[in-house]
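Following: one structure in structure tokens, then a few remarks.
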Amino acid sequence: MTDSNDDKTISVAGKKTLTLKPSGMSQGTVRQDMGRGRTKAVVVETRKRRPMRPEDEKPITPVAPAAPVRAAEPAPAPVQARPQQPTPAPRVQQGNNNQTNQRPPQQSHQPPRQNDRPRPVVLNHLSPEEMDARRRALADSQARDAQDAIRRAEEEKRRAAEEVIRKAAEAEEAARRAAEEAIRQAEAPAVAEPAAAEPAPAEARTDAPRPPQPASSAPAARRPDAAGAPAARPAPGAAVPGAVRGRRDEKEEDDRGAARGGPVRGRVVRPEPAKPVTTRPKTDEERRRGKLTITTANVDGEDNARGRSLSAMRRRQEKFRRGQMQETREKISREVVLPETITIQELSQRMSERAVDVIKYLMKEGQMMKPGDVIDADLAEIIAGEFGHTVRRVSESDVELGIFNVSDEDGELVSRPPVVTIMGHVDHGKTSLLDAIRHANVVSGEAGGITQHIGAYQVEQNGQKITFIDTPGHAAFTAMRARGAQATDIAILVVAADDSVMPQTIESINHAKAAGVPIIVAINKVDKHEADPQKVRNQLLQHEVFVESMGGEVLDVEVSAKTGKNLDKLLEAILLQAEILDLKANANRTAEGTVIEAQLDRGRGSVATVLVQKGTLRPGQIIVAGDVWGRVRALVTDKGDHVKEAGPATPVEVLGLSGTPQAGDKFAVVESESRAREISEYRQRLARDKAAARQSGQRGSLEQMMMQRQSVGIKEFPLVIKGDVQGSIEAIAGALEKLGTDEVRARIVHSGAGGITESDISLAEASNAAIIGFNVRANTQARQFAEREGIEIRYYNIIYDLVDDVKAAMSGLLSPERRETFIGNAEILEVFNITKVGKVAGCRVVEGKVERGAGVRLIRNDVVVHEGKLKTLKRFKDEVSEVPMGQECGMAFENYEDMRAGDVIECFRVEHITRTL
């Protein structure tokens, strides 16, 4: 604080901010208060925003240099609004007692204070660069002032429109609050007396529209004294006149009383004609209410005229109105669709609830979650029920609804050809029988004379069509036979009359019974001399197949594929059985069926042999088969003819799929590519999840961990298998898996349908695997790549040879068997200690013979104490290779000398024998 009161002057003319400036201080310097009466002149560069002053107002004249403190009393009209304002002499004293950062400007003619330190000299001459900088700053300030003027004009227009809306709302509220107005009218005389001295007209708060103002007029209407607060309120640290303060306290008390039963603070009060108003004409500060100054920034508490915006007041008014009306909203119950998993945020949006409310409910239930957390459908259903909504559960599998297993009406069903599967043991003549029926020669084109693919054909008998499915009879093709039995209506069990019932015959019977299809027994090869059909019938009885000739219900026909005997009777039996079954299907619907076989053709791409079971398949339609989809490019029959459509029970080859489906997959026609892609992606994701679950289960299960620990020492034979069709690859993988033992097993690194490519060679090189091609070949680039890298490629067309070669190769990985052969025993008679040799045992051969270099065991009291090899074997002084029984010899062990008389030396030979699987 300073000790002198003469070095300051207070300027209250107009609405200028009170500042303190030393004498002689030029523009751009600021007096900084250092505390305890110390000051410091600081040269600064400031950017001032000059408010736009209306043209009709005159600029505020500076205070006369020699004027005393009382000279500041004459003020503009807004300041003279309160005649009871006392002399400002106490304000000077108060200003000396309360230090602030803003001091009144100091007149230049006054002498410097004695207590001030020497001020730094500020040069009045500026350099050209500084002048340019000031000019630029002045130009920027003028541009900003122009923008502020435009912005203020727009704000005034907006607030004028808001004022009209506000007054309309106030008029509505006035009708509901007539009782409170009567109370305020009764109190009006008491309030009007202290306000009568002020020159402000009472009509200032009438409903007449006011001119737009930069600052909100709502606070002015709420507190009349606040409108002129920046002008009437003394500077920080000055004394407030008692009369003004008392009147303001009374007014604030009045407002608080009205807030209890009327509008809350911050809201605009309705026009009240009977209530005296103490407002003053708007001053320059009110017009610049929207501009932030030091004075307005320091204003806080209830005197702040810019407490809230019109939007905030409207919100509070609306909130208060809702509270007065006490309207209860009716709860809207919605149907919430819940997938298998959903986030809390998504659930709240579907319920049209706040996520915070859902989080609060979960916290009450003891679960701390965030809006982004994922919950299952059960918990989501509980939450939705708690909030009063209904739930409809859906899952990802719903994308397949309406595609498979669609029921047909009885009126739409028509007769269809029967689907017949030929099953039986290998080499019992299944394919030959089908060739005889089709008048074709498929057997001659098969490698090894055995069927290794599943084939579908259609023949016509007496104007009726019959669809045949030929399955392999080899033991490796169990899955193919099972698929054939599932897709068929009638199963023909082919049994050779000279070979009778065999293992695959029994398996075929079980597949047919599991599929629930009727069986027709075809006893083949009856033209042979050793044929015995009755033996076949008797053996079938052991497996619960009772033929008609034995009192059963199963049809049996003796046929010969070679001579064509009784083939017509077999076809008649098939048609008779089909008539009994009354096979029907709906041809006027989207197609649905089963994939019989699939392969990757080099020229045609992915080719799938399908059996249409329902509907009609046409080119151009979009189908989904397993996890692949595509648009049908062409339909090819078993004879190679292109057809325009394929009805129920018709086997065709489909071209145009995006990939090679698995044999046995269901296919169906969908309406759009997007639907097909969605189903395909869902099935692929499901397959990945299952694979991941299997891997995680293997890692987590204790039993699996023990098995993995045991399998650490198992040797693996890595293979890359490429085949012509998916069924063959499946059969090869199953056959190789059965070859595995506890010591060695085949590991299939990769398998697929199609030719051998360079990527297969690269994979085999990385995994050190051999490549097996079944009925496929490697292209030129792949073959050259394999030769450079030394990768072995083996080609096979018969599954027997493939399995035998892999079995032999895996046998080479087995450790050889160690076999011991007993040679003889010798008893130690005496032990001699010979220099440079060590201990030598004098022995007599009591059984067999003793050979040098053979393995020996030293047995003492029937306990083996040492096992090793003979270091020397002598008879007398000569080294010998062997000593027969009954003779004496001298023996010494390698790295062992603890020999005693009476010990027995057992001599044996070790042989390593190669093992096979």
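Glycine too: its Cβ is placed from the backbone N, Cα and C atoms.
Check Swiss-Prot against the ranges 319-323, 449-453, 709-713, 874-878 and you find region 'G2' recorded for 449-453. Range annotated as region 'G1' by Swiss-Prot, chosen from 424-431, 528-535, 696-703: 424-431. In Swiss-Prot, the annotation region 'G4' applies to 524-527, one of the ranges 524-527, 564-567, 588-591, 648-651. Looking at 306-309, 470-473, 658-661, 818-821, the range annotated in Swiss-Prot as region 'G3' turns out to be 470-473.
Shown for the compositional bias 'Basic and acidic residues' (127-184): DSSP residue counts in helix, strand and coil, namely 56 helix, 0 strand, 2 coil. Averaged across the domain 'tr-type G' (415-582), the predicted model reaches a pLDDT of 80. Residue counts for the region 'G1' (424-431) by DSSP state, with H, G and I taken as helix and E and B as strand, are 2 helix, 1 strand, 5 coil.
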